[in-house]
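Peer 1: Found this in Swiss-Prot, in case it helps:
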- 3-23: transmembrane segment (TRANSMEM)
- 34-54: transmembrane segment (TRANSMEM)
- 65-85: transmembrane segment (TRANSMEM)
- 141-161: transmembrane segment (TRANSMEM)
- 174-194: transmembrane segment (TRANSMEM)
- 227-247: transmembrane segment (TRANSMEM)
- 253-273: transmembrane segment (TRANSMEM)
- 312-332: transmembrane segment (TRANSMEM)
Amino acid sequence: MRFLAGGASASVAAVGAGTVADLWEVKRRGTAMGYFFLGPMLGPLVSPIIGGILTQRFGWRSTQWGAVVYGGLVWLSMIFLLPETSSKAVKGKEPAVAENSDDGNVQPVPESCVSRFFKALGRMLVEPFRLVGYLRSPPLFMTCYYASISFACYYILNLAIQRTFSRDPYSFRAIILGLLYIPSALGSIVASVVGGRWTDYVMRREAKAAGRFDESGNPKFRPSDRMCENAWIPAFVFPAALLVFGWTTHEGIFWFAPIVVTFFFGLGNSLIFNTATTMLTEILPGKASNAVALNNLMRNTLSCAAAVATDPLLGAIGTQWLFTGLAVICWASSGVIWALKRHSDKAPSA
């Protein structure tokens, strides 16, 4: 069931980001993408709060029933409130393939059910693997890599909070453990509201400074315009927050100190993720959903591995060295920003 839930939810991020890229111009896309990813980023942070309350009051099975109710409400909302936006569905079916009749008139040839079935099967089983070819593009691969590293840290921190604060010297109850995720959630909210506007402002500023204008006098944007201080500052902040969290929890310092720094982690991490995702829609113009789907593939694969390894690593080397290592990896990986600033304007090919 978790496998099916993961597959279904991953499509929302890819299709949703592609829709945002189609509806919003480049100059406002960062703002729109920030609001869109407020949901995916807040989900893993808000759910422990709700889950902690349900578990404390009704037991762990209540979390599963809560997920069923929530899923049903979302499904009903999609059926009755979400309009169809596909031009093919709105305007009618595609015209059938035509052939010449004996009298010279063109007659439509209906497509057989078998033919439609194999075409649909090919789209489901073959086309997704062809997308992996886009990863041969260095700009696309580097963007997906850095977004995946930051998202894996996001999962590791969430698991570490639960493990660390449920044991001595803290020993918090389930409901309190859930509330500990609030600062990180607040950081993600601030990043989604402010970060997109910041990124759009930086892009407009860089295009104007470079003197790139079209015939109408409007700035001409490039993906590399987004890689400025709006990327460098959070690239320093969120690894620093990981480092502080690791050492303060290792020393058993009062819970307020390590939990407050999770706000800065959520802020910096979400800024990086939103900027990277927005940039992906511009590196692969016209195929934004493909780019975001590749990003989902990389980040979820890495996050899965990180989730499996977190508990053994915490037991073996402790929070201090695990988060020190993560901070070093993230700081070293931030060199991707420098590379993308210089080499991200060439569109890749599959």
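Each Cβ is built from the backbone N, Cα and C atoms, and glycine gets one as well.
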Peer 1: Counting Cβ pairs under 8 Å that are 6 or more apart in sequence, does the total for the transmembrane segment (34-54) and the transmembrane segment (227-247) reach three or more?
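Peer 2: Per Cβ check, the transmembrane segment (34-54) does not touch the transmembrane segment (227-247).
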Peer 1: Restricting to the same chain and to residues at least six past its boundaries, which positions have a Cβ under 8 Å from a Cβ of the transmembrane segment (227-247)?
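Peer 2: Distal contacts: 150, 153, 157, 160, 191, 195, 198-199, 202, 206, 257-258, 261-262, 264-265, 267-269, 271-272, 275, 279, 319-324, 326-328, 330-331, 334, 337, 340-341, 344.
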Peer 1: State the residues, same chain only, that lie 6 or more residues beyond the ends of the transmembrane segment (253-273) and have a CB under 8 A from a CB inside it; answer 'none' if no residue qualifies.
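Peer 2: Sequence-remote neighbours of the transmembrane segment (253-273) are 37, 41, 45, 146-147, 150-151, 153-154, 157, 161, 165, 170, 172, 180-181, 183-188, 190-192, 195, 198, 230-231, 233-238, 240-242, 244-245.
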Peer 1: Under 8 Å between C-beta atoms and at least six residues away from its ends: which parts of the chain pack against the transmembrane segment (65-85)?
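Peer 2: Non-local partners: 19, 50-51, 54.
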